[in-house]
Amino acid sequence: MKKGALLNSDISAVISRLGHTDQIVIGDAGLPIPATTTRIDLALTQGVPGFLQVFEVVTQEMQVESAYLAQEIVKNNPQLHETLLAQLSQLEQHQGNQIALHYISHEAFKEQTKQSRAVIRSGECSPFANIILCSGVTF
């Protein structure tokens, strides 16, 4: 049995195949997922698993160089936004690198998901609870 925090074999496989600057998305239950993008659906019911739970486990396994958020999260989901910024700051300290954070419109965000290796769908049902994570290197 795998010893690490991430037990989901589909997510583990995607992360293991990421190259520098490849992207994966962690999305809420309502984010549209392009038909051409790998869909990893974790949603069981509203709120389960939560966006932050998925983010925390994925980032334990993935080296993150940069990230994209929909700019609408700032106004429409300020509590989640602040919590996410704090978690990104902790991740920077743990990884020993600065994570560039980019804000784009929600429409541009949805377009950008088409470039991602996979979209991980959480059960989160709060507005704009989505992030695109860009892979870094560990050396």
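Cβ from N, Cα, C; glycine included.
In the record from Swiss-Prot, residues His106, Phe128, Ala129, Asn130 bind substrate; the candidate from Asp22, Asp28 listed for the same site is Asp28. Residues Asp28, His106, Phe128, Ala129, Asn130 are listed as the substrate binders, and the farthest two of them sit 13 Å apart at their Cα atoms.
Distance between Cα atoms for Ala129 (substrate binding site) and His20 (active site, proton donor): 24 Å, as a whole number.
One way to see the shell of the substrate site is to take the Cβ centroid of Asp28, His106, Phe128, Ala129, Asn130; the remaining same-chain residues with a Cβ within 8 Å of it are Gly27, Gly30, Leu31, Ala70, Glu72, Ile73, Asn77, Phe109, Glu124, Ser126, Pro127.
Cα spacing between His106 (substrate binding site) and His20 (active site, proton donor): 24 Å, rounded to the nearest whole number. In this structure, the recorded positions under consideration are His20, Asp28, Phe128, Ala129, Asn130, and the one with the smallest number of other Cβ atoms within 10 Å of its Cβ is His20.
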